[in-house]
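Noted in TrEMBL for the protein shown:
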type	residues	note
REGION	28-59	region 'Disordered'
COMPBIAS	34-45	compositional bias 'Low complexity'
COMPBIAS	49-59	compositional bias 'Basic and acidic residues'
TRANSMEM	90-110	transmembrane segment
DOMAIN	92-534	domain 'Major facilitator superfamily (MFS) profile'
TRANSMEM	130-149	transmembrane segment
TRANSMEM	161-179	transmembrane segment
TRANSMEM	185-207	transmembrane segment
TRANSMEM	219-240	transmembrane segment
TRANSMEM	260-279	transmembrane segment
TRANSMEM	326-345	transmembrane segment
TRANSMEM	365-385	transmembrane segment
TRANSMEM	405-425	transmembrane segment
TRANSMEM	437-458	transmembrane segment
TRANSMEM	465-488	transmembrane segment
TRANSMEM	500-519	transmembrane segment
Amino acid sequence: MTYLVKHSAVRTLLRYIASGKISYRRGATPKNISPASTSLSSATPRHSGSRDDVSDPEKEEVGIAVTNIVDWSGPEDPSNPQNWPFYQKLTITAVLCFWTFALYVGSSIYTSSQQHVIEIFGVTHAEGALGIALYVLGYGAGSLLFSPLSEVPAIGRNPSYAVSGFFFVILCIPTALVNNYPGLMVLRFLLGFMCGPCLGIVGASFGDIWSPAPFCYSIALWSMAATAGPAMGPTLSSYAVKALGWRFSSWELLMISGPFYIMMVVFLPETSAPTILYYEAKRRREETGNMELVSQAELKQRDLHAGALLWDALVKPWVLNVKDPALGFTTLYLGLAYGIFYSFFESLPIVYPHDFGFSATSTGLVFLAVLPAGTIAFVIQYVYLKYRVFPALFSGSFGEVENHLLPGVLASPLMPIGLFIYAWTAREEGSHWVAPTIGFGLIIIGVYFIFQSILLYIPNIYPRYAASIFAANSLARSLLAFAAILIARPMFEKMGINGGVSFLAGLMVLCMFGIAAIYKWGKVLRMRSKFAVA
């Protein structure tokens, strides 16, 4: 635990102010060895072993002798994040899951204040709904900025977490105090924008410290935290807003995020291996006077310009989505599933008060159905990974990478089934409120497995572009969720809950056949793709 605190964002900043130096070295000192071993971080897990990302001839071209490459002192180097003690890795995972929960709560915690905003500022329902829609749009846009920044060795992961988290906590204060509608909406968007690292680089942080098997578990746990956050928002704020006024939802967000932010900057160290080696090489140049000492990542990015970095982060993923139908479909599928999830923040306040006589505060409790549904899904995923996936991977009998999609294929019918149950049991007579709630729970389980299967599939077929694809995928999900929040209420008012939700179920039926097609013919598509690993 001492190392976590010593190399946390706070202690690193204080040490830099005092000495002007940054070092993440632990135990043995990394030595100059050949070949270089550390690759740039991505959203997929890495092993601690060596890999020739930059060949010996390339090193000679830039005038760097192979013996001047600063690398780990060996496979057991304690400074390598893959070799950190288990309890430290577990602490890092827990801290990032708690922080993710705090930020995702912020999207829906506003819903309890939405009606008050409409009445106080004299705006329409659609304008009031912008408070949650802009927040969701913001954290999709923010991920596009923070993802490429975290891949720069001189920056790493921690500055993105610390800086964005600081502004998030601070922005909660003016959001609670603002006295005009435009200012409130701008602040809600900025709050969402500061959530970017949770969407963009948490997966990369887990990949820094975990080997492939526990990495999958960490992503499964993180996904549960990311799902529980929006679900808990209405419950956490509804009673407080009723008693203390609409502004209290923002104060409550400050109370939730503030302690978790302090926990993060005190206990979260830098996990990026390229960043750790970058500063080790810099330290050794200063101590020895040998200016030829460089890290692997410095060689790789020596000729990398900002324009190229922005192209790979902002443009390349969309080119891949357009030219590769499998990737384009998975992006659309995840976006639609995400949008449908957020549409429930519009439909539940219509269904439960009108059809079942729930109060506004009681309606918020319905979102708690996400917790048992998410827990069931996580346990099933854990058992599936432990007893099916990893034994098959280790024995070499797993087969094609499309087999990662199997849980999504099997669970995909749960979304249309849940939507149809919700649509046709949400009526005033002849139905109990438990029925649509069960449908809602089935939808959550379906969404969870679809996300998990696709998140494991993409890095295996697009390893080179995985980080940028995930960032673009996050933006696509946010755009569709943004649209869903704004069009859901008008659609439900025009088509009714039965018709509107049934329409969404029909879209999920089409997607159900789409993911099955990729599972069956994905290998053929990969063979034809210019970008996928065949």
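For all residues, glycine too, the Cβ spot is worked out from N, Cα and C.
Just so you know, TrEMBL annotations are computer predictions that nobody has curated.
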Sequence gap of 6 or more, Cβ distance under 8 Å, 3 or more pairs: do the transmembrane segment (90-110) and the transmembrane segment (219-240) meet that?
-> yes
Model confidence over the domain 'Major facilitator superfamily (MFS) profile' (92-534), as mean pLDDT, sits at 87
The transmembrane segment (130-149) in contact with the transmembrane segment (185-207), cutoff 8 A, at least 3 CB pairs, sep 6+: yes
Lying 6 or more residues past either end of the transmembrane segment (465-488) yet within Cβ distance under 8 Å of it, the residues of that chain are 41-44, 126, 129-130, 132-134, 136-141, 143-144, 147-148, 151, 199-200, 203-204, 312-313, 316-318, 320-321, 327, 330-332, 334-336, 338-343, 345-347, 455, 458-459, 500, 531
Residues outside the transmembrane segment (260-279) whose C-beta sits under 8 Å from one of its C-beta atoms, at least 6 past its ends, are 1, 3-10, 12, 22-25, 30, 38-41, 46, 70-72, 79-82, 91-92, 95-96, 98-99, 101-102, 150, 153-158, 161-162, 165-166, 168-169, 204-205, 208-209, 295-298
Among 161-179, 185-207, 219-240, 326-345, 500-519, the most Cβ pairs under 8 Å with the transmembrane segment (437-458) come from 326-345
The answer for the transmembrane segment (219-240), taking Cβ pairs under 8 Å and residues 6+ beyond its ends, is 93, 96-98, 100-113, 198, 202-203, 206, 248-249, 252, 256, 341-342, 345, 360-361, 363-365, 367-371, 374-375, 377-378, 381-382, 385, 444, 447-448, 451-452, 455-456
Tertiary contacts of the transmembrane segment (326-345), defined by C-beta under 8 angstroms and 6+ residue spacing from its ends, are 108, 111, 132, 136, 230, 234, 320, 367, 415, 419, 440, 443-444, 446-447, 450-451, 454, 457-458, 461-462, 469, 472-473, 476-481, 483-485, 488, 504, 507-508, 511, 514-515, 518, 522, 525-526, 529, 531-532
